[in-house]
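Residues or ranges marked as region 'Interaction with membrane phosphatidylinositol 4,5-bisphosphate' in Swiss-Prot: 73-77. According to Swiss-Prot, the region 'Disordered' annotation covers 108-127, 445-482. Annotation source Swiss-Prot lists site 'Cis/trans isomerization of proline peptide bond' at 221, 222. Under the heading region 'Dimerization of protease', Swiss-Prot lists 489-493, 537-543, 576-588, citing similarity to another entry as support. Positions annotated as site 'Essential for RT p66/p51 heterodimerization' by Swiss-Prot, on the basis of similarity to another entry: 988, 1001. Sequence annotations record features per position, and here Swiss-Prot assigns Zn(2+) binding site to 1159, 1163, 1187, 1190 based on sequence analysis.
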């Protein structure tokens, strides 16, 4: 560290530590930043010594600067640090990083001209090239020095470790400094195994080479003598030029830097590859259920910076996607904050919010009163009939449970003889001799388990075990027992438990019988007196002699008791002796199958150092871990495990006990992702009414499930010692740890598998499972129901899951998942709003959480005003004064919660009805019921998805939200009762350009009816004045103009400041509305303004739009039309010139007429128009929008579908009384469609076979129509090896892709229908247009191009996988020039013409082909002295 920290010294270091990281920030640069920068430079193969001089800093800046745009945050931080360091070296006074960057930019701009002039002078002087690969020999000739294996090795390492992440580009730039095209090709060949990436790179090089040839045409005529030919594109790429030609071009006068040109092409290709290999889209950034909001915002903006989009689009993404992709808890608060909230306000409002922990806090407070009451009642009901006798487990040594309930692991090995290496069925021992040492007897320590032991190794049979009982022995027995090493036999019941026993010194073979009361032996001579007795058995009564005080020894354990001697068919040791020696009948826990877990590819386990802990925390952790080790939950490990995760301890709430916490954040980052088994919590409104109900809780849920053996090493942690007195104690987990990301998913999956057999055997039992909470309901009588519950508990216990009695709820009301369940109704657990004189931010957050929870059954609850209080950057402890509106809202909510409200249970035989009511201020409430005044569920909706909206749009959004919620809870959509008249709805619906599906509904006359405040005409108004409006603004000066020209000669222009083009267009509409009569025609060339007004908003966040709405309401009739700009339309051209004067430059474009002509024929979308005719997107959109057939509706809104190349969706749609069968390739959007004679299975199967003969079809997804479920379709699927999947009934979203394509196809058919006589012709024309004349989506392709690209890529990927698997069958023996001894075998990674890339242990090397021998790996074989690597067959 000393060497690295010596970059600055004395006064320079003082100056360095005064510079701030950010303008106005508190943090300043420190010495540690220089140490970090040195390490980063080593990673990028740059010399850290360059930091010591200003010249070196400039060199680093020149290397890093080209990669800043695509680089990571670490790369940008490194660039900023070097810029500041340069200023310190040069003694340039800067206060923060931003000033330093400005200085660097200024210096670079000033020196640019000097550098160019110096370069020109250098060329004139014809000095020797100093480029590294081209050197001057002793004769003065320019010769090539081949790129070194060390450089190639470094490049291969970069690609293998970074996997084409953004850091690859600066590394390539640094390693290829001054290289010739031949050197660059050598570098590319060493990573040729990445075929997909290399193909992309090759395509980019070919495109750039073609562009070079186009820009540099060949000169006519022969080349003059002594003059070199000019390089073509293929010459620069090194394919048609020699090394000597490349050197001549690079060192000539004037020089043609073919190496640098080719390098630039490669970097362009690498940029494309980086984007492909790091496909992080802003749409994929979503907040996890437990992720803090601040972390989510950091990830969001990090990805946003990398997005290729304009600033306007990025602003829109911030306003819309940031809230949309937040988790439900944060989303509720963010939406209540409204559109105008800043990032700081959002982050303050969402402090400590989100995930189950937040819900738990809300529920815990709501339950506090109930829990306290119940605890008191339980204590009063306690039965204190006598002191309970404690039992002790002989498996782990702990008191309080017996061995069959023990969770500690069982010992491995044969269950009969105890030895490892074979199973019981292969055992040759005649009788059990499985002795365990260190019994858990009284006054003895529990046996220790080996670290690798786990429950997964436990036997699955019943077994008989012998242990020391509680009954006291005689003095002789006790004395003798104390001197004997006690052992522990374990006998399985696969065979009869026969053992050899010693009775008064005589050996006999006897059966251990736990069902027999007495010990009965065949004829044996025993000393002492006896008395006659008659005993009953299965075969009748027999006469026996009864001997008292007989000494018996069984498996080394002694007992004294009564023995009966008589004609018994087999010697029996009964319970009178077995209880003395502590024999028990055990039911070992069945093994739970472990789920295999891996780290993310290319990652290693966490190596985070343990931070120091206080003495009391170390003592607490030591005690906790000792207990956990005894129970088998964790195991001790040695120094061979290199991984580490920090642990700490906190005190439990309202307790003196400590709780162990493990900081698994680093491991969670490195662990593979898991699919959430359960996407939400079950809701009581979806429960069916049941006669009998029970609620169970699984104790120590995670610790009952074993962790994958191969993954355990990564959970290692250390308990340090005080003052480092001794090395820390190291442990690893054997079971699922708390806080690890995989625990919830694995536990849910394991629990589901375990419950599956019980569910199959007891279909009458309904089990709702969420984590460790179980709701069990049935229509059985209470006695039968409770018997089944005990069966379920026993079933769970067999797998190691205990269900504690204290959490077993048998009588209503049942407390479950935060709800209170009664036999015929349900409610949320008691919600009490606190009474406070002053409210902090944290108090209001908790209050909003409680109210949101209560709103699912209490109607009309509002939180908007309370959420407004959370705006602004405030700390959690800041006191917030309540506004009058918030106080009123809180008082109303208190009144609503005063009377308890209950919901009822679902009846499948009755219809669902959803009624929505408007509350005003953009807030809505809804009630879902089956009978009036008996609500199943209530809720509220207060979203404002766009800046300008109206009540009808909000109502539509609320309907869609309730539909989705209903499908999740009940599996069907309710009938809706909406506060809007049919006429109002139809008027808006037919005009609204982006209409979406909503279900069946009827009008309900409730207060706050929804209505349209104004209506736009569909045709021009005869006799009304026509206003041609326009607006323009200058982006730099923010100055603008808005105005109009009328058909009657009126005109007006106003000047505006601090405005934009969009604002001026809206201002022009406002001017026209202000100055016009009650009826007016308005013509605009702005799609933006037209889109806002045509949606008929009645409220907006924009003050200007609200003013426009007020003017529209005053008018009797308004007609608003759009015309394309700059097309010579009279009034539009006049007003354009009027407002453009001195503000903007008008751009006239060629190709518009051809684009319009093609659009009129094919009705292609705007992306295809822009691509085919090289037009800007805004012009292409205007052409499409001006088409009367394409202006009916907007384009479909695209979602995200996870799909593979072989999946197709099929559906039938109807048009003109005929059936059209449509097939859509999900991944590409490619369509195949035909008009079929009838909707039958036969026609469908024939269509499916035609589809399979043209395209690779692996899976088809259809609805449950009779033609798709027919035997003919099943037969076709069987023959063509196609898997058929079905959608969800009543759920249109399950067939979303094909449903969307049906609408799209019908729209295109409508556009071309007048060009065809028959429908079947129009269908094929529409399919052609969709597949080949509409571009967009992934890659900007048409659907036809995209499907071919996807299939070709799939084939290439499969071939690549085959090659990789084939090449891994070979091993390489190699040597280098310095050491003639052969080394190996190493793993073959890639084989080229002149060299091979190998992996020896963890090191990747490039070895010349002549120094390597490649040998097929035939597995492990015994090699003799004459078996030498060089004699084997080479590849």
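One-based numbering along the chain as shown.
Placement of Cβ uses the backbone N, Cα and C atoms for every residue, glycine included.
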Most crowded position, judged by CB atoms within 10 A, among 1159, 1163 as binding-site residues:
1159
Among 1159, 1163, 1187, these being the binding-site residues, pick the one whose CA is nearest to that of residue 222 (site 'Cis/trans isomerization of proline peptide bond').
1159
Counting across all protein chains present, how many other Cβ atoms fall within 10 Å of the Cβ of residue 221 (site 'Cis/trans isomerization of proline peptide bond')?
6
For the region 'Interaction with membrane phosphatidylinositol 4,5-bisphosphate' (73-77), jot down how many residues DSSP puts in helix, in strand and in coil.
5 helix, 0 strand, 0 coil
In which DSSP state, out of helix, strand and coil, do we find residue 221 (site 'Cis/trans isomerization of proline peptide bond')?
coil
In the chain carrying residue 1187 (Zn(2+) binding site), residues 6 or more apart in sequence that have Cβ under 8 angstroms from it:
1159, 1160, 1163
Taking 10 A as the limit, how many CB atoms besides its own sit near the CB of residue 222 (site 'Cis/trans isomerization of proline peptide bond')?
6
Going by DSSP, is residue 1163 (Zn(2+) binding site) part of a helix, a strand, or coil?
coil
